[in-house]
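For reference, TrEMBL has these:
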COMPBIAS  1-21  compositional bias 'Basic and acidic residues'
REGION    1-33  region 'Disordered'
REGION    66-168  region 'Disordered'
COMPBIAS  77-90  compositional bias 'Basic and acidic residues'
COMPBIAS  112-150  compositional bias 'Basic and acidic residues'
COMPBIAS  151-163  compositional bias 'Basic residues'
Amino acid sequence: MKNFHQRDEHDTDTRKSETKRNKNMKRLGGGGLSLQTFANLKSKNSHYNPAVIKKQKEFYKNAKHVSKFRKSLKQQNSHEKDEMKMQSFHEEDETGESSSKVANKGKSHKRIGVEEVYKQTREEMEKARREREEAFQAKKQAKEEAESRRKAAKGKMMRKTRHGQPVMKYRIEHLLESIKKSAENDGKNHMTSSC
């Protein structure tokens, strides 16, 4: 009898644990993933990632530029080889030199040509940079001069008498200057429109 009773207790314990496990699985949203399934899901790259897409686009763009560059180099090299062959053929006929010496001369000219092109582009870039810098300095200087004039005018316009009234002398001078400038501008406009 004892044996039967113990077996009955064991069954109830396992049933309780199973029901608890089932409740937990329902509460957590079903059974957990196996390790293999989890690894497979992590290895798949099925979600949208804009950073990766941007890198891929940039990579393809760079590859396209590199291939275009290589094609242009090939065309230049083939064109230069054709010219070299023609030169060597003509020079060999005239002077009797071997074609290998002429080919070596052509390569040195090519190298010098590339260096000259590099120097020329470098000088152009340097010149453009200097011009930009000069324009920037001129603009900065004009800005500083205008600011100093404004400060001086502001100082004069803000002056007061002992009684707290504004000094009219500077205000009238300012008005007179502005009238003269507008008259000059009108005179110039009339002259350009009449011509």
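Using the three backbone atoms N, Cα and C, a Cβ is placed for every residue, glycine included.
No curator has checked TrEMBL annotations; they are predicted automatically.
Across the compositional bias 'Basic and acidic residues' (112-150), DSSP assigns 39 helix, 0 strand, 0 coil.
Mapped onto DSSP classes, the compositional bias 'Basic residues' (151-163) shows 7 helix, 1 strand, 5 coil.
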